[in-house]
Structures are given as C-alpha cells and as structure tokens.
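Visitor: Quick one: structure below, then a few questions.
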Amino acid sequence: MTSLSSPKQLKAYIKQQATSLGFQQCGVAQADIPSHVEKYKEWLKQGYHGDMGYMADREALRSDPTSLVPGTLSVISVRLNYVPTPAKFAETLEDSSKAIVSRYALGRDYHKLMRKKLAKLAKQLEQLSENLSYRVFVDSAPVLERAYGEEAGLGWIGKNTMLINESEGSFFFLGEILTNLPLEADEKPENLCGKCTSCISICPTQAIVAPYTVDARKCISYLTIEHFGSIPESLRPLMGNRIYGCDDCQLVCPWNRYAKATDIDDFSPRHGLDNIELLELFLWSEETFLKNFEGSPIRRIGFERWQRNISIALGNAEYSPRILEALNQCLNTTDSDLIKEHVTWAIKQQQNKKQTIAISEPDNNQKKLIRTTRKIVKHLE
C-alpha cells in the first residue's frame, strides 16, 4: 500500500496518475457545494429542464453526493479534450445542404473510454486506503459535473453554462470519482467572462435567457437530443442545419481560440460526419442508422428523432428538387406520425423557396460564427 502522509501528498499523487492516463487536468473539490445546489434547484423551479424529468426526479441525489456514495468527502474531477483535427467545421456552417453535428458526437461514444480511464485511476486509489469507498461517474448519473469541475479548479462556469478553462477553452469531457478520501480541495478559478456576451447574442434560439442560465426548452442541443416529441414550429427555422446538438455558444467564445486538439482516434469523425450532405443522411434506412452509429452517442436518440431532426434541416436548406423528392417519398412511406409532421413542414418550406428562387445570404451572426470557427480551426492545425 502506498504510504502518503498528508492530504496534499495524496492529491499530488492522484493528479500525477491522472496525467499518466491521458487526462489533461485533474482537480479536487469538497463534496458539499451548497451554492451550486441552490442555483440548480432554482433552475428546476423555473421549468428550464423541459422534458428532462430525470433531472427533477433525482434532485435529492444531485444535491447530496453522500446519497450516491456514503461517506463521500471529496470529488476528484478530470477533463479530457475531444476536438478532432482536421475537421471541416466552417464548411458545414457555410453550406445549408450539409449537416452540422456537435463536435463531441463526431466519433465514438466518450462514456466508455472515459469510464475505463477513470476506473484505472480509481484502482490507484485502492492503494491509498484500506477503508476506501468510491464510485466513478461519467455524465450518466445525478452529479453536478460542471459545478464540481469549477470547484476543483478545472475552469469557471461561463455565461453559456459551459465549463471554460483559461488555457484550453471548453471543448472537453468531464468525469468524476466520489470518494471518502479526505483530500485537500483545489482553488476555484476566477471567472474571466468579464463583459463578454458573445455566447448570449449568437444563440440561434436565444436559449441563454440570462447570463449563466439556459432554458433547455429553447436550446438546440436539447431539442435535437433530449426532446422526444414535436419541435415547436417557431423554433424550427432557427435550427438551420443543426441535426444533433449545437456548438455555437462555444465556437464564438474567445477562450476557445486556445482549444487543444485531441490525439485520441476514437474522437475522430466517423462516416464523414464532419462534412456530409443532409440528403445522404436522410436517405439512410433504419438498419443503416443503427449499423453506422454502433458505439456512437447519436444512436441513443433513435431513428425516428434522427429523421425528425434532418427533416427540419432539409426544410431550412436552399430549394432543391432532389430534397423535395426525398421528402415526398418519405411522407408516403413512413409510419411515424412524428416524422410525417416534420416532413410535411419541410415540404412546405421547400415549396415556398421554389416560388421565390432566392439565394439567402448569411446574416451577421452566421458570418461571425464562420469567422470565429475558422480561427479555432487554424489554431488547431
């Protein structure tokens, strides 16, 4: 058993092991974070969680980590960069016929990879104490990940509610180990958002209703991933060609000029998802969808919602006879009422554009998004 006499030495050892496993950073927070818990409860009270009933159902678990791991004293938080390079980020913003998939979902599902790394780190903890108790978490249990990440010194929670690191931006995954080890907590970093409101103004649906507060019911990531039913018509035109998630509030964040590319092959784009035609994806069968997204986070939304999302994007694309033909064919063959509703809407959008034959120009927000994205890509290269 490793002999480390002080909490400070214990923490240094854990951080060293985390770095050796490939994590970019590791920090420690105390288990009790009352200010974050109160903010979370107020967010739920406002109904900003939308259909994510599990967030309200597990409020008590999120509020008290000892209910997950009895005797929890410390939370070890780690982060792992995920931005792949090269990836054609700007091209999909400039071409409405291309699909935009959130950067984190371009490759394989991160949960398994992160969990394996954290499990190895946890094994190292077993050498530190005979009475050790711990549990590993990766975005799959009621843990306030960003709150613990902030308290552990990994970054500050920005106005877009993402955790932002001064040296590497916000394109990273988080994971935690809850443990009864009495570790020394790291210092919470200074919030460096300042007067910047780029993330608030760029949001296509204005989902950031106040600094540090997101109404998930308006958020494109929520609508395309978490929301099960019909997407409100008023929000559909604002979604553009975003079919799975949205990174706009991160792409315009000045701190992501310092984002670091990952060297993990599992996070590299699969099936050309970083630069693929919407129509090609729309024509996939359910069998193809399931096969291609084996081991991908996208698979969890299912084929029906996948087609719902792409239908909206096709409706927002420039007029194309091929798109209109594909939409009509889908309308005549699908058994899903949800798909029919969104395909019907998309057909009307395409028909209206056929009458005008106008080429739409990017608005100022879109131009800004393209400029900042190009800067990030150049830095990654």
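The backbone N, Cα and C atoms fix where each Cβ goes, and this holds for glycine too.
Remember, TrEMBL labels are computer predictions, not curated facts.
When I checked TrEMBL for this same protein, it listed these features:
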type     : residues                                                      : note
BINDING  : Arg62, Asp139, Asn160, Leu163, Leu174, Ser221, Cys246, Asp247 : cob(II)alamin binding site
ACT_SITE : Asp139                                                        : active site, proton donor
DOMAIN   : 181-213                                                       : domain '4Fe-4S ferredoxin-type'
BINDING  : Cys193, Cys196, Cys199, Cys253                                : [4Fe-4S] cluster 1 binding site
BINDING  : Cys203, Cys219, Cys246, Cys249                                : [4Fe-4S] cluster 2 binding site
Visitor: What does DSSP assign Cys203 ([4Fe-4S] cluster 2 binding site), in three states?
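Guide: In three-state terms, Cys203 ([4Fe-4S] cluster 2 binding site) counts as coil.
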Visitor: Nearest by CA distance to Cys193 ([4Fe-4S] cluster 1 binding site): which of the binding-site residues is it, out of Asp139, Leu163, Leu174, Asp247?
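Guide: Of all the candidates listed, Leu163 is nearest in space.
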Visitor: Rounded to the nearest Å, what's the C-alpha distance separating Cys219 ([4Fe-4S] cluster 2 binding site) and Leu174 (cob(II)alamin binding site)? Just drop the number here, would you?
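Guide: Their Cα atoms are separated by 21 Å.
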Visitor: As a test of the contact definition, list every same-chain residue at least 6 positions from Cys246 (cob(II)alamin binding site) whose Cβ is closer than 8 Å to its Cβ.
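Guide: Residues satisfying the criterion: Ile100, Ser102, Pro204, Cys219, Ile220, Ser221, Thr224.
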Visitor: Whose Cβ lies within 8 Å of the mean position of the Cβ atoms of Cys203, Cys219, Cys246, Cys249, the [4Fe-4S] cluster 2 site, other than those residues?
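Guide: In sequence order, the nearby non-listed residues are Asn160, Cys199, Ile202, Pro204, Thr205, Ala207, Ile208, Val214, Ile220, Ser221, Asp248.
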Visitor: Spatially speaking, which of the binding-site residues Cys196, Cys199, Cys203, Cys249 is closest to Leu174 (cob(II)alamin binding site)? Use C-alpha to C-alpha, please.
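Guide: Going through Cys196, Cys199, Cys203, Cys249 one by one, the closest to Leu174 (cob(II)alamin binding site) is Cys249.
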Visitor: In the same chain, outside Cys193, Cys196, Cys199, Cys253, whose C-beta lies within 8 angstroms of the Cβ mean position for the [4Fe-4S] cluster 1 site?
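Guide: Same chain, not in Cys193, Cys196, Cys199, Cys253, Cβ within 8 Å: Gly158, Lys159, Asn160, Ile164, Thr197, Ser198, Ile200, Cys249, Val252, Pro254, Trp255.
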Visitor: Could you measure between Asp139 (cob(II)alamin binding site) and Cys199 ([4Fe-4S] cluster 1 binding site) for me? Cα positions, answer in whole angstrom.
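Guide: With distance taken Cα to Cα, Cys199 ([4Fe-4S] cluster 1 binding site) is 23 Å from Asp139 (cob(II)alamin binding site).
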Visitor: Counting each residue once, how many in the domain '4Fe-4S ferredoxin-type' (181-213) are helix, strand and coil under DSSP?
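Guide: Residue counts in helix, strand and coil order: 5 helix, 4 strand, 24 coil.
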Visitor: Roughly how many Å lie between the Cα atoms of Cys253 ([4Fe-4S] cluster 1 binding site) and Arg62 (cob(II)alamin binding site), rounded to a whole value?
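Guide: If we compare the Cα positions of Cys253 ([4Fe-4S] cluster 1 binding site) and Arg62 (cob(II)alamin binding site), the gap is 28 Å.
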